[in-house]
Every structure is written in structure tokens, then in C-alpha cells.
Amino acid sequence: MARPAKEHLKNLRNIGIMAHIDAGKTTTTERILYYSGRSHKIGEVHEGAATMDWMAQEQERGITITSAATTVFWKDAKINIIDTPGHVDFTIEVERSLRVLDGSVALFCSVSGVEPQSETVWRQADKYGVPRIAFVNKMDRMGADFFDAVKTMREKLHANAIPVQCPIGAEADFKGMVDLVKMRAYLFHDETLGADWDETDIPADLLEKCKKMRAELLEELATLDEDDENFMQKVLENPDSLTEDEINAAIRKGVCQNKFNPVLCGSAFKNKGVQQLLDAVVAWMPSPLDRGQIKAHDLNTDEEILLTPDDEQPLAALAFKIMTDPYVGRLTYIRIYSGTLTKGTSLLNTTKGGEERISRLLEMHANKREEKDEFHTGDIAACIGLKKATTGDTLCTSKRPILLEKMEFPEPVISMAIEPKSKGDREKLAMALSSLSIEDPTFRVTTDEETGQTIIAGMGELHLEILHDRMKREFNVEANVGKPQVAYKETITIPGSSQTKFVKQSGGRGQYAHVELEIRPNEKGKGNEVVSKIVGGVIPREYIAPTIKGIEEGLSTGVLAGFNLVDVLVDIVFGSYHDVDSNEMAFKICGSMALKEAARKCKPVILEPIMKVDVTTPEAHMGDVIGDLNRRRGQIVGQENHKGAVIIHAEVPLSEMFGYSTLLRSLSSGRATYVMEPSHFERVPSKIQEEIIKK
């Protein structure tokens, strides 16, 4: 079935809405749903009625936790929107959304401008090369300053942020904006919830300013594309001769090439500027065609290939989110990069191996759904029937098996023990933990070998608190949790080797395995790699996989204090076997023993998570705050002044940050705030290492 005209690839936009917490992301999305006809009533976040925040925890806390997907139509385009969380504990949601988007709207608060979390999200978008347009929201707030917000984008994000609108008034007097492309003013009607506005001449007191801003915009566009001599000549000789279409085409080109970030303004809460933002998304954001070909690895030829966004090509898709729906069970969200997906199709999962059949296809609107028979290139679909697929898996047709670039997930930094309140809940708890860890790759579940306790680990206290809450609500499991603990790691500092034999003889058939390993430190953050360099069959092929499994198990429990060993390169170099006594289990046990024997010789050390901490404090309390951070083994990496406050940037070990919010409140009489996010892992000082090992 051919796709409808509105859904042609050139008319498709896959966008995310990203920002700092409280910049108004969900409110903006609610307005988009309202004006595009998706919802007939505006849901307010502070009333707990926002459509996109559909989890009970989100409605209570007024924050967005999972990236809800929804589809809207505006003018001639189909827009898939992913609303992403701004809280740092849910960075994975932002990361996985950006991986499958073609463009993003970055929201900034007109009062605070660029905040620490905005920098994190911007960096993530840089990593995936996602084009962005900026929307300065909350122009009706006390202290709103559009031009200061643009300045902070340029200074802190190094963004090429150029206004394409000029606000008319600010704070309580914010009336609308001037469109610098059309050189017309939009004045909004409050009585129609902003659905109507008057297009008028530019107010006389703003005319000169707008002419100057337009000239700056055109000059910037001319320098972006020096090959377009016609455009440059018109800008230099007669800028008024440029048509709207020519200017829009130049803006679009700059956005699609990721060289230009147009800045719009408005107040989503007061219903001003949202329709103009939608117009900008359609006019300037890239379609899957503009994003071009996607790199993939062809498993038949073992070569890199380029996938063309085309419905007639073989199917290639990426699973980017798994959710458990109370009515339909497991939902797998996918982005289709090429081909057409029909209900009932069997897909090859090249990441995990094996085929699975899709029984139903759904188009999602926050937590409502619409059944569809097929989806096309560029679409974001929710599939039912995929039991094995997890986040980051490649799904394709067996005619052309390929692998798409995999997604990377940060290591958890905090852990706690969890146990069911009653024995009867043990199985339910195991199911709940399994289900939640499939949904969220940054949530890990392990068992402490010594105590038998179940340990959950995640990206922060709020992250684990919300998952604990979900167990109660969604899975009906009552569980007790221990105090939060730091998720330490171990690593090695020098190369080493081991020659290990595992021999067991107790009458009858014995057990025999012999494994020799060479291990050395890997690059920081690169993870573990285990490679078999066995030649000549000294260890038979069928025993290599169990040996690797044993080594991986050894890596997962470390040698100093039972923490994961990370950033270790392991080569299996030699070994031997016995025709009768060797078996898979013997080689698995021997692999684990050999790894530990080698690691003990390699001067192992404990690593601790270091947090990037940004404290905003009145100047009067700056000395106390810095002194306290130093006492916490923190390193001050910089500070800046912003609107009468000082922002202190520091790197502090997570173990020193428990209970920090209470102390900061008393240090600053409740006037300082802070945000923190995981930065990297670093060696702990030897004295602290000894204390950790004793515990």
C-alpha cells in the first residue's frame, strides 16, 4: 500500500523536544498536540493532567521520566515527536531518543538561559549530529531576557544561535513576536487561548532593531554557504530583493548541515508562539531524506554499506525502547531506516541472533494507541510480538542481514540491596526486576555471591526510587530497599598472565581443564574484551565459548572487593584438554580461576564514580560552598557569574555527595541549588581503598 501524500518521506519529521528540567518541554508538547488537533483539551503539568506524562509517578512529580512518542500532522507534514526527560538520572532516555531522531527542538527558559542539564543534552545531540532549532520559552516570566538567553547559547554551548524572531515585550507585557524572515508582527489573542493572532506591521519602536537583526541573520546565512554566490550578492547589494522562499531555503540548508541554530521565542503556557514553532519544524527541520544514507555493517560481505532511505529497499530498523504495556504486554519501539514493515512479518535480530514475528503494529500517542497494517521508511513504530529484542538491537530482513551502529549505555553509579517484604513476593519481585531491566539498560540487577542478596544499580537516587515505586504500582510487589551504596569498579594497572589447571578426581569420571591467559589494561572507558588466540586445537572449539563465559563471570566479581573488573583486555593464548575428563563446566570454572589468578598479579585498584557537580549560590555563600566541596575531596574546575549568582563547577566523588542537599540548604539559608551527573570513574586514594576492602 502506497503511503499517503502527507506521509511522503520529504514531508516526514522525526523530532525530539529536549531541555533542562522545568524549561517547559511537556507543556510545549501539550500545546503542539492541542493546536495540531491531537487533543481537544490542553493538559497542564501542574494539574497532573499532561497527556505526554502518562505514568503515575510523572503526574505526581511533574517531571517527565520516559520518552513518550506521539504523532501529529501539521500543514503538509507528519511529525513524530519524542518528549524526553530533563532530569539527569534519566539521561539514557535522551540518549536513545537522539539516536533515532532527525532533528530536535532545544527549549531554554528565558530567565535562566542555558542551565547545566541543557549543556549535557546539547553534548549528546552533538555526539549524534542531530540538527537543532532553539525555542526560548517562558517569555512571560519575571526576569525574562530573550537576548541574554541567546548570548548564553553562544557562550556556553558554542552554538551558532541566531534569532529568527524578535520578542514584542517581555514578562507580563509579552504580546507576541516579529518574524524576521517575513518582517511581520504576530500579536496573540489571550481570549482564544492563543489559537488566533493578528498579523500586523512591526511596532514602530521595534522597527530599527528588527532591521538590524534581519541584516545580521542574512549576513550569517550568506557566510554559511559561500558557494551560493547569487544569495551572497543579493545580501551585499540589495537584501530587500531576497524572497521569503530564498531565505527559508538558506535557513533550512544551514540547519540540515548542522551549521546554524535558528532561535524562536514564545510562552507555551500562555499559548504564544507554538504554532510558529511548528511552522519552523516543517520549514527548516530535515526529513529522513535530508539526513541521507545511514552506515551499516553487511554481515554477508563483512563490509560497511550505506542504507538509502527508501520504501523499496530491504527492511532495516533499530529497536530503541522497550516498554511493558498493561494491556498488550511488551512493546518494542523501532525506527525504520529503510524498507516497509508489514504486520505479520518475521524479522531477523542480528544483534541477538534468531527470527521473530511481529503480530501487531501500533502508532503511539503518549499512552494511547492506533492499530496499523504497515509502516514505512522513517517511521517510528511500536511492535508487539518481539520477545527477545532489547534496546540497541538491529532488526532486518534475512535477505540482507546487517548490523547498525550499536548504542552505548553509561555504567550505573549507585546501588542498593532489595528484598521482598514477604516470601510469597519473591517470584513477583524477580519478574518485576527482569521486566524493568529489559526496559532500562542503565538499570542492572545482580546477586551478591557472598550474602545472596539481590542488588539493584542505577544512575542516581531518584532513578532507583522511581523504579522501586513502579514495582509497587505496576507489578504489585512490596519490597524493602537498603541504603544507597556507591557502585565501585575494579581495574588492573599493569599487564600479567596466568597458567591455570582445574583438575578434580573423585572416583569415576574426573574434571580437567587447562587455560593460559595474558591480560592487560584497556583504554579508559572502552570496557572489557576477551579474545581467543588458540591455534592448532589445543583447546577444542566447543570449549572456547564456556572458557570465555567463565572469564566474563570472573570479570563480574573482581579480585579486591567483589566489584566488576572493567577496561581489561584478555587473550586466551594456550591450554590443554583431556579426551575423557574435559567438559564445558570444567573449562568455564578454569576460565574464571585463570582470570582471577592473572588479575591479582596486575596491581588491581578500585575505581569510584566521580560526579560533575554544578552549584548555583548567592555570592555571599560562595566561600562556604567551595570550602565544603574541597572537604568532600572535590576539585573546583571553574566558576562563573550569572544574574547575581555564582555557578561553581566541580568534580566530586559520589561517595562524598550523600546527604549533600540538606547540608547545602543549611550552608546557604536555603538559597543555593545544585545538579549533578555522572562524569567518569577514577582511582580511589589508597587509604580509602583499604577501608572499602575491609567493609
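Placed from the backbone N, Cα and C atoms, the Cβ positions cover glycine too.
As recorded in Swiss-Prot:
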{"type": "DOMAIN", "residues": "10-289", "note": "domain 'tr-type G'"}
{"type": "BINDING", "residues": "19-26, 83-87, 137-140", "note": "GTP binding site"}
DSSP-derived structure type at Met139 (GTP binding site), helix or strand or else coil: coil
Lys25 (GTP binding site) CB neighbourhood, other CB atoms within 10 A: 29
Binding-site residues listed as Ala19, Asp22, least Cβ neighbours within 10 Å: Asp22
Within the predicted model, mean pLDDT of the domain 'tr-type G' (10-289): 84
Cβ-Cβ neighbours of Met139 (GTP binding site) (radius 10 Å): 30
DSSP three-state assignment (helix, strand or coil) for Ala19 (GTP binding site): strand
